[in-house]
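Below: the structure, in structure tokens.
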Amino acid sequence: MSRNSYIQQNSDIQAAGGLVPMVIEQSARGERAYDIYSRLLKERVIFMVGPVEDYMANLIAAQLLFLEAENPDKDIHLYINSPGGSVTAGMSIYDTMQFIKPDVSTICIGQACSMGAFLLAGGAEGKRHCLPNSRMMIHQPLGGFQGQASDIDIHAKEILHIRHRLNSLLAHHTGQSLETIERDTERDNFMSAERAAEYGLIDSVINKRQMPA
């Protein structure tokens, strides 16, 4: 855990310009300091913040696998605030979410765009949420390639294959038809919290945390 915490801390320090709060806990062995993300990891909370890229994806996947090993029957909570990013990096997170035994509850805070929206929709059924002022956006995958005509054709076919795969999975998770998804992702399609719930991207909009009775 300490090694994972160190890696996570360094990543988030870079992303936040060096400002990561530390939490001091008292125990029988004395005081112990955690960065805030490592402390939340103990509560089975993972933060996915910023562009989706390979390094982030490896960290998220590692944390999902670690929490599964800790308790395979307890939910994991993935908080998303991301503009999107790499399709392959995002798919590695998605596949890990589907692979592990615990349900992964997804919660959008701020924004979940492109691959961020896809991962939001990929959470466990009935456990996909967002806060009331969050924004979601879906669109088709973007790609650009320069080179010989034959290579451009190869990459164009790959992008079309990826688009069909993403649209099919999004249709599965939202309950929309494939034709509807294909139409709605032709251009950037922004959604409010309420619209995302109607569309099936999430299951509910959360205004207040429900406290146990």
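In case you wondered, yes, glycine gets a Cβ from its N, Cα and C as well.
It should be emphasised that the depicted structure is a prediction, and the values quoted were computed from it without experimental measurement.
Taken from Swiss-Prot as is:
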type	residues	note
ACT_SITE	Ser114	active site, nucleophile
ACT_SITE	His139	active site
> Do you know offhand how many angstrom separate Ser114 (active site, nucleophile) and the residue listed as 'active site' by C-alpha?
Replying inline: 6
> Given the active-site residues Ser114, His139, which one has the fewest other C-beta atoms within 10 angstroms of its C-beta?
Replying inline: His139
